[in-house]
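Each remark here refers to the structure printed beneath this line.
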């Protein structure tokens, strides 16, 4: 097996071949004509072991004369060559050079909205029977149809067996040819006829061939019981099928989310955006949007919280989360101080491991039932520096929406720094412009013609009126009052002519 020297670039010079001691048998060398054996080179990348089988390199004739360092260098070069091939195939590089594995992260919520969670080791399974209606509605269609058929078949067979037992106990089967005998149910001559009478009774078909007589009070009581229980079975099973057919989650199939989320500038602020649309002409009433960040974290006390949920604001404070979903909309999350992406730059995004779950809720206009549509975005599905393409145009008398461009994005100029760094840079720029404009205004005021004439006319500063004193304005506040008192209160500095001459 070839050696994988990934931890060091070259072998130390102090290594040498082991010298056999006296009394030890020397190891026989393999013949040169021996067939080459397969060599397995293993490479571990992000917890995944990739195994490839390669043929050993052809050894030259002077292999026995090579030093140990030369042999190790040759093996290391071979291992590095195979490692480069594996890296080129199994790993892609981000914009900043960090490796991004193609291994998909296990989703918490699938793209179609299905929650990828399975509950196990549930001991109190009897709780499902206490809510049997919801349990039957939640079953898949195969199980639901099986339960539907079995419910009717079992009741028909059960009451058919009772009708046959009544006829057998009364002796009706022994007097089939006796016209003077009055049976409990006419024309019942076996189990099949009793089963058919049970079906006719419960479904109220009433062909008129098999009828109950007034000489059998037990049969009368059984007829009432079967009619009542049959109505209950009909109401229960038909209700389950109706609710299952009209479930609002089928309405969510026509609510679509964009394939990717994007991060770009909007009004000079970094925003996380995704697109949502409704394919039907019937609208979702009272639609609102929510978003959650699913990411594991560790608290300051050392507690590990797997799949911690953090709320992502999509306009709850301003009411932008309440949507009028007539045409596709772009939902925006402003990355501010309260955002979990405040310190995340483009380089950090390529290394992060998180999931964004988006939830759209509303009431179906046609049925009045509440509907919920879900989707999710992994870290590699968030495109930095992209923007959604427009998909609405004005036609003759209406607005035309092209859903062919629903998932399309294009690149725009976006800073690669985090929102925090962008805010600090913007604040420094604003402060620099503020002080530079104030300084220029002060210089123009000091260099004005009135000040020059005033300084050349007289050197006596006490004879100058207080309203004619030159002022130095800082922060846009101007004052001509006393320098020691009012200047400190209003943030302005007042100087006299002597200070200006100095």
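Residue numbers in this text run from 1 along the chain shown.
Quick reminder: no glycine exception, Cβ is built from N, Cα and C everywhere.
Features as listed in TrEMBL:
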COMPBIAS  1-13  compositional bias 'Polar residues'
COMPBIAS  21-32  compositional bias 'Basic and acidic residues'
COMPBIAS  459-469  compositional bias 'Basic and acidic residues'
COMPBIAS  476-502  compositional bias 'Polar residues'
DOMAIN    109-248  domain 'Potassium channel inwardly rectifying transmembrane'
DOMAIN    255-423  domain 'Inward rectifier potassium channel C-terminal'
REGION    1-40  region 'Disordered'
REGION    445-502  region 'Disordered'
TRANSMEM  145-166  transmembrane segment
TRANSMEM  223-243  transmembrane segment
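Across the domain 'Potassium channel inwardly rectifying transmembrane' (109-248), the DSSP tally of helix, strand and coil residues reads 86 helix, 4 strand, 50 coil. Long-range Cβ contacts of the transmembrane segment (145-166) within its own chain (Cβ-Cβ under 8 Å, at least 6 residues beyond either end) map to 136, 139, 184-185, 188, 190-191, 194-199, 201-202, 216, 218-219, 222, 226, 229-230, 233, 236-237, 240-241.
Counting same-chain residues at least six beyond the ends of the transmembrane segment (223-243), those with a Cβ under 8 angstroms from any Cβ of the stretch are 133, 136-137, 144, 147-148, 151-152, 155, 159, 198, 201-203, 212. Looking just at the domain 'Inward rectifier potassium channel C-terminal' (255-423), the mean pLDDT is 92.
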